[in-house]
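As annotated by Swiss-Prot, active site, proton acceptor applies to D53. Feature annotation from Swiss-Prot assigns NAD(+) binding site to 53-54, K58, 117-118, K128, H144, D146, 157-162, A181; the stated evidence is sequence analysis.
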Amino acid sequence: MKHLGIFYKPELFGKAESLKELLLNEGYIVDYCESSERIKNNKVDLTIVLGGDGTFLKASHLVNNPLVGFKGGRLGFLSSYTVEEFDKFLKDLKNNNFVSDERTFLKVSDLNTFCLNEVLLVKDPDQKMVDIKISFQDGELFFHADGIMLSTPTGSTGYSLSLGGPILLPNTKAFVITPVAPQFLASRSIVIPDNEKVNIEVDKRVNLIIDGVNFGKFSKITVMKSKKKISILRPVDYDFTKSIKEKLGYGKKIL
């Protein structure tokens with residue numbers, strides 16, 4: 001990997017410039033060092049992302065090459081290093097000491113738009129609760145709630161988890177459907193195979209939010225697994241369970 005790009009959260013400009021200088025001194029070609037969407041469709045061997053999971057999500061929608069993340073936010077589930085580990089990264093880069101953590105996207109067919117984390121249909125604060133119908137090959141589900149979320153395994157440690165959804169291992173071939181503030185306590189998340197095509201109908205037009213971006217008002221969408229994938233480079237000693245123990249305290253040994 002010789003041609004590299006850097007995409008960074010604006011607050012991390014200084015860190016991005018420091019990394020750029022380190023890479024140039026090691027003989028790498030840094031094709032861009034940007035915090036804007038000007039990186040879109042730039043062809044490099046690897047895009048380095050400095051920021052939180054939000055910055056990483058944004059980068060995943062702009063480029064098609066492998067990504068490696070440096071944590072500059074709170075949790076950083078998508079990050080492989082911290083912004084204090086440039087030396088460790090350079091050593092791994094020289095020795096190609098990485099494994100590929102491949103992640104799949106969802107596709108919202110109505111918009112031809114892709115999703116790495118979650119698709120959310122949710123009412124405005126001043127709206128009443130809505131009736132939601134979800135249909136797929138194995139049947140139908142109905143919810144009276146503020147909204148509904150479909151999450152990928154990648155998104156299962158994000159907003160979906162805050163709604164009470166389960167954590168999915170990254171290579172799980174499934175996604176999670178979770179109601180938002182349902183009226184009935186029995187309404188819980190359901191995990192379905194990722195080969196299902198999911199049709200969602202809401203009795204009112206509500207906000208469609210994909211990976212944190214609001215696409216306007218919709219009352220009906222179709223969501224399915226996309227052929228689009230992205231490769232996240234991890235150090236060979238990366239351990240997902242260690243990550244959730246450290247960041248969430250989940251499954252951590254107490255005694």
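Counting starts with 1 at the first residue shown.
Placed from the backbone N, Cα and C atoms, the Cβ positions cover glycine too.
Location within the structure of each feature annotated in Swiss-Prot.
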{"residue": "D53", "record": "active site, proton acceptor", "DSSP class": "helix"}
{"residue": "K58", "record": "NAD(+) binding site", "DSSP class": "helix"}
{"residue": "E118", "record": "NAD(+) binding site", "DSSP class": "strand"}
{"residue": "H144", "record": "NAD(+) binding site", "DSSP class": "strand"}
{"residue": "T157", "record": "NAD(+) binding site", "DSSP class": "helix"}
{"residue": "A181", "record": "NAD(+) binding site", "DSSP class": "coil"}
Distance, the residue listed as 'active site, proton acceptor' to H144 (NAD(+) binding site) (CA atoms, angstrom): 31
Residues near E118 (NAD(+) binding site) in space but at least six apart in sequence (CB under 8 A): M149, L150, S151, T152, G155, G158, Y159, S160, I210, D211
Cα separation, the residue listed as 'active site, proton acceptor' to T157 (NAD(+) binding site) (Å, whole number): 11
Site of maximum Cβ density within 10 Å, from binding-site residues L161, A181: L161
Sparsest-packed of the listed recorded positions (D53, H144, T157) - C-beta count within 10 angstroms: H144
Neighbouring C-beta atoms (10 Å sphere around the C-beta of Y159 (NAD(+) binding site)): 18
